[in-house]
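Asker: The feature region 'Disordered' is assigned by Swiss-Prot to 45-174, 459-489. Per Swiss-Prot, N-linked glycosylation site is recorded for 122, 347, 382, 534, and the stated evidence type is sequence analysis. Among the features that Swiss-Prot reports, compositional bias 'Polar residues' is placed at 125-134. Annotated disulfide bond per Swiss-Prot: 492-558, 521-590, 525-592, in sequence order.
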């Protein structure tokens, strides 16, 4: 009904204009303009007849009619005026304008505007076609939604008509306006969105549907430089170093005894940080260093294979470390069975190895050098085992007075006659025709066992006991009672935490391990505390009070209850191979304390 009233009002207004203008041409144009609207009015009114739900349909029909009328008077869809020459021509001919003429006149009147639309359209296409890798993914999704929404909006508001070329042309013009213009706005919106740089390759390879956070963190994330600096400082303090060593790893050979000792430490569960060494008092020693002989001109004074001077530079041992043991290791070459058989006598098949500390050098023509016998060993010719000699007194003297380090003198002789050994069995020096690489595995080595004093007096099994009298008083070798433990992921337990030395660029001087699992403790300590939480009596009482009055005391904390040491094999600035057992480096067990 409202639509009819609105139409009558428009007709009345038009009649007034016709009387004033006195022209038939304008009337005909108006009728042609509102013809599509009139075609829709019966449908709208029909849907609005009746009561109940039909009333809502009437309101919607009126809204559609109003929209259609507004589009009929839209300056983009109907000519606003005509020229005087055109009106006089139509008055003289007294002809009804055809649809082709109306279409031609519409194009002439709106030619400037159409040109502007074409320019805007071209600019829009340039912006859309311009490659924008950062925003390509989100633009595609927004453009599809925007185009679908605008197409639906255009179809719902487009007036129904049988066939008219004028309406078809203006429909395409309106579509070009309401489709191209939002594309410009869309491009400006998406241009302000920052997409991570490493997302470009992911979007290009896998497409927009796989662009996710998991894809971005597929590669290993590296800490930022400032974090790496702090990590490096902390590790250097832990290793008791001022700076990481700068060495050429390719020129250094790791001695086989050091490798075997490292494997022995890592392959056995130790009760403390002490490094065991059969035959030596290495109690509380946590650091082992290996030294090689330093060549000098003095070597030429000992041309024979049975007597040689060895010099080791031990200045790299820190002054705050206490020497626990020192040994000289000599390798032996296997002799042929014919040589061993030719020396059938028991005394002739055994050699004696002696090592002296050179306490004073000699002066030619004035005094003889002074020697102090340190150790002696008897070896058999049919064996190739390493010979170990105790030289701790000499190393102690060198550490106290580095300028009086004159080296060690080693002699190999027969047991019975005490004559020089006739065969090149115990290796003291390099042969003239021997390759350098082979000699590096055969050369004499000095091993020092020191204690840096940084570890606590108690062992690892004492740490597991925690506070005396608690439930955690068991040592880690004592078997535990079987307990039925529920799988609660949020309760106190041990979690993995892998430390990779390559993250700080230390894999060039750390021989082994390249990384280790330090673990950490995390989780809740619920009330009541079960036996598997390895809690102390104090933790039980604290948890009980917290359950009664949470604001008075906090809950017990999930902390490490057992810690173990980690052995590391690395090189220092002097290219010395160091084997060190670091205390409390990895978590063995967790509990509520």
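The backbone N, Cα and C atoms fix where each Cβ goes, glycine too.
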Asker: Which number gives the other C-beta atoms within 10 angstroms of the C-beta of residue 521 (disulfide bond), all protein chains shown included?
Answerer: 20
Asker: Non-local Cβ contacts of residue 592 (disulfide bond) (under 8 Å, 6 or more apart, same chain)?
Answerer: 492, 525, 529, 533, 534, 535, 539, 543, 556, 557, 558, 559
Asker: Would you mind reading off the Cα separation of residue 382 (N-linked glycosylation site) from residue 590 (disulfide bond), to the nearest angstrom?
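Answerer: Rounded to a whole number, the Cα-Cα distance is 53 Å.
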Asker: Out of 382, 534, give me whichever of these glycosylation sites has the highest number of other Cβ atoms within 10 Å.
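Answerer: In terms of Cβ crowding, the pick is 534.
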Asker: With a 10 Å radius around each C-beta, find which of these disulfide-bonded residues (492, 525) has the fewest other C-beta atoms nearby.
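Answerer: Sparsest of the disulfide-bonded residues 492, 525 by Cβ contacts within 10 Å: 525.
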